[in-house]
Amino acid sequence: MNTLLLLHPTIVTEPQAVEAAKDSLAQKLGTDKSNISQHIIDRVATGQVSLRPSYYNHIQYLAPPEANVKKLPVKCYEIIFEALQSNGVFEGTIPPESATDGILQGFLVESDTKWVKPSTLGSVVSLKRPAGQNKTKSSAFKKEMPFFKKLSSPPTLTDSSEADEDEESQLNEKLKGSKLIYFDESSDDEIIDEDELLRDDDGALKGPVVVPVKCALPNGKRRKKACKDCTCGLKELEENEQNERLDAQASILSKLATSANAEAEKIEERLRRKQASKEGEEVKFTEQEVTEIDFTIQGKTGGCGSCALGDAFRCDGCPYLGLPPFKPGQAISIEGLGADI
């Protein structure tokens with residue numbers, strides 16, 4: 001008996017377990033231990049070791065219990081099936097989930113740990129009848145058969161193939177004509193206006209217009225949220241309201257940012273002036289600016305000509321507001337105005 005022992009890669013590290021399995025298998029099959037060959041299943045699956053086809057009577061798969069969870073590749077079952085003889089047995093630690101793969105390869109699954117390769121050849125059984133029955137049947141059959149008289153000359157046959165071809169051609173022409181009529185675009189075809197299907201001859205609607213039911217609650221209140229398959233337009237209204245709300249928020253935020261920037265610039269300018277006044281920095285004007293401001297310069301007069309008379313006669317924007325009256329041509333110092341400018 002040709003026997004093969006397939007080993008899991010982790011079981012190879014335990015030589016004692018392998019030898020014990022070989023002894024048990026030899027005792028079970030009643031064969032010599034030397035008749036049992038062994039290979040690692042990974043090498044068989046990758047093709048490094050080739051098995052002889054239809055050679056083994058028994059193939060045993062030895063693996064640790066935890067290997068029962070992981071399925072073997074389908075290629076392994078195909079190789080094992082080809083290596084077994086008819087009625088050969090494959091058993092061992094076979095994953096239960098691999099039963100379908102085994103059936104697809106041709107195995108008969110007898111149990112979770114035993115598969116059998118069925119025999120593809122069946123015995124031929126010849127069916128014979130008794131000799132006496134055959135004779136009686138044949139004689140009776142001969143008596144029942146009628147006899148016909150042979151005619152002296154065979155009847156003449158006429159060739160009707162040409163008529164059949166003519167009929168077939170006429171039938172084909174009729175079929176082609178009927179098909180072409182269906183696809184023919186004739187100007188006589190009447191085109192129906194879709195509006196006429198909705199209105200009568202008087203122009204009135206044939207039936208009431210079906211308005212989609214609004215997404216309203218029984219008590220008359222509006223729903224907080226439109227239905228998933230809303231058809232009354234509530235979903236579009238909600239989207240428009242949301243877009244308007246987002247636009248308003250964006251506008252407010254932009255205005256706030258603009259005002260904040262302007263306010264920050266004013267604060268920075270105010271702080272700069274305050275710091276300059278603390279450090280005693282004097283505001284200096286160019287000659288043209290002094291000429292425009294100081295109306296006491298000879299040959300220059302104010303717009304109203306009353307700057308030297310006092311605040312009662314000075315304009316609202318006069319730079320001499322708050323100063324006492326002075327004589328025309330008198331030198332006026334405006335250094336005190338540095339903090340206000």
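Cβ coordinates are placed from backbone N, Cα and C, and glycine is handled just like the others.
What Swiss-Prot lists as compositional bias 'Acidic residues' is 161-170. Taken from Swiss-Prot, the feature region 'Linker' covers 157-204, and the record attributes it to sequence analysis. If you look up Swiss-Prot, you'll see 215-232 marked as region 'Fe-S binding site A'. Annotation source Swiss-Prot lists region 'Fe-S binding site B' at 304-318, citing sequence analysis. Annotation comment: Swiss-Prot describes 304-307 as motif 'Cx2C motif 1', evidence class sequence analysis. Annotation source Swiss-Prot lists motif 'Cx2C motif 2' at 315-318.
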Item checked: Model confidence over the motif 'Cx2C motif 2' (315-318) (mean pLDDT, whole number) -> 78
Check: In the region 'Fe-S binding site B' (304-318), how many residues does DSSP put in helix, strand and coil?
Finding: 6 helix, 0 strand, 9 coil
